[in-house]
Amino acid sequence: MKFNKQKSPQAEKEFGGTLGATCIPVFLPLTVLYLLCVCRSPVASVIQWPPVLPPTAQLWDPLAPVLILGWMALQSFFYLLPMGKLSEGMVLKDGSRLKYPINGFYALCITAVLLTLSLWLGMPLGYLFELLLPLAVCAIGVSFLLSLYLYICSFWAPHHALAQGGNTGNPLYDFFMGRELNPRIGSFDLKYFCELRPGLIGWVVINFGMLMKEVELRDSASLAMILVNGFQLLYVADALWNEEAVLTTMDIVHDGFGFMLVFGDLAWVPFTYSLQAAFLVVHPQSLSPLGICYICAGYYIFRKSNSQKNQFRRDPTHPSVANLETIATATGKRLLVSGWWGLVRHPNYLGDLLMALAWSLPCGFNHLLPYFYVVYFTVLLIHREARDERHCRAKYGLAWDSYCRHVPYRIFPYIY
């Protein structure tokens, strides 16, 4: 395969362009480490000055790289096991469809069995609390190395395999966004693997380690810790049970696989999404039952809306979506303007945000840190909605304007 330097002619830069692509890979890793330090401090204040800084000795443990690389290898092994079905992705530029193994839920179940076996053998899973910083440092290092590998290898990919948004010719920006859309080693899809496997399942394992640490400290797990673990496990299990739905998301269909997604999948997700559980180890809280109601409502909206969209994209004649009102587009596809997608343009985002708030409620209201996830996720989803808006308007033209008149609210009904 020949060396490919050709760039996309109309690649629009996002995330602040070159400046953003230069600053984000510096500040986001530092943010992860800072939040973990604050979480472990007695005050747990994100606005404390001077900030909480650990001694450099706490940033490294020789066990950490062994665990990170071993975890990646283990989940890669599960990915390659002949379990589950093969599903086809969306149509690519060259008219082909890639095949993906739908076996993430099996990987989660096998991981759960191994964790149970580890407990039976007396392994100190609570030690993960002490290893959080070294593990995060190693995960960040792996993210940079994998992103560099992907960037270099992308120059040997055919032009039709490149992502338009990450193929601008600017090295810093393309490294951040990702030049290649679906980088693979043989049949092993690197982006699809990282999207739901090591980081998402790793999040659950870290949460469980925090629960075991609380058991070590207080002889039992608090109700707040149990619910944070339980409902976040439900979220992850649901994502993996419905793994096929990820094949129609922006991450898989549109975005290249560069530092933005690599770091998000391997470092940001497992180490910032588990902040509530880590916070509860040091700062135990009593629980309000309101949180349970919020979690259930958020989960229901998120799952039902995503399932409706995925079913409509794959089979518009299915009885569950056949009677929904739609708008025809010049591309031949139709846009939903009823059901969940007639309420707001992104009901799945609304469900996500309700769940994010609910996961933070068990941590009480005395600290801002547990609500970092809610604030971050709100900013992320509003930004992603703006990206969706641009892509859909460019793709569907006048039909998208008509859709927006039918469904005026983006995420929050009657608000935004």
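Cβ atoms are placed via backbone N, Cα and C, with glycine included.
If you look up TrEMBL, you'll see 21-43 (among others) marked as transmembrane segment. Taking Cβ pairs closer than 8 Å, the transmembrane segment (21-43) reaches residues 15, 51-54, 59, 132-133, 136-137, 140, 143-144, 170, 172-173, 175-177, 259-260, 263, 267-268, 271-272, 275, 278-279, 282, 369, 372 in its own chain, all 6 or more past its ends.
Same-chain residues lying 6 or more positions outside the transmembrane segment (63-81) and placing a CB less than 8 Å from one of its CB atoms are 101, 103, 106-107, 110-111, 131, 134-135, 137-139, 142, 188, 193, 197-198, 201-202. Marked as transmembrane segment by TrEMBL: 63-81 (among others).
Under the heading transmembrane segment, TrEMBL lists 102-121 (among others). The list of residues near the transmembrane segment (102-121) in space but at least 6 beyond its ends in sequence, with Cβ under 8 angstroms from a Cβ of it, reads 74-75, 78-79, 81, 83-87, 196-197, 201, 204-205, 208, 212, 236-237, 239-241, 243-244.
Outside the transmembrane segment (127-152) by six or more residues, the chain places 25, 29, 32-33, 36-37, 40, 54, 58-61, 63-65, 67-69, 72, 171, 174-175, 178-180, 183, 190, 205-206, 209-210, 212-213, 257-259, 262-263, 266-267, 270-271, 278, 281 with a CB less than 8 A from a CB of the stretch. Annotation source TrEMBL lists transmembrane segment at 127-152 (among others).
The feature transmembrane segment is assigned by TrEMBL to 220-237 (among others).
Among the features that TrEMBL reports, transmembrane segment is placed at 257-275 (among others).
Annotation comment: TrEMBL describes 287-302 (among others) as transmembrane segment.
The transmembrane segment feature in TrEMBL is assigned to 356-382 (among others).
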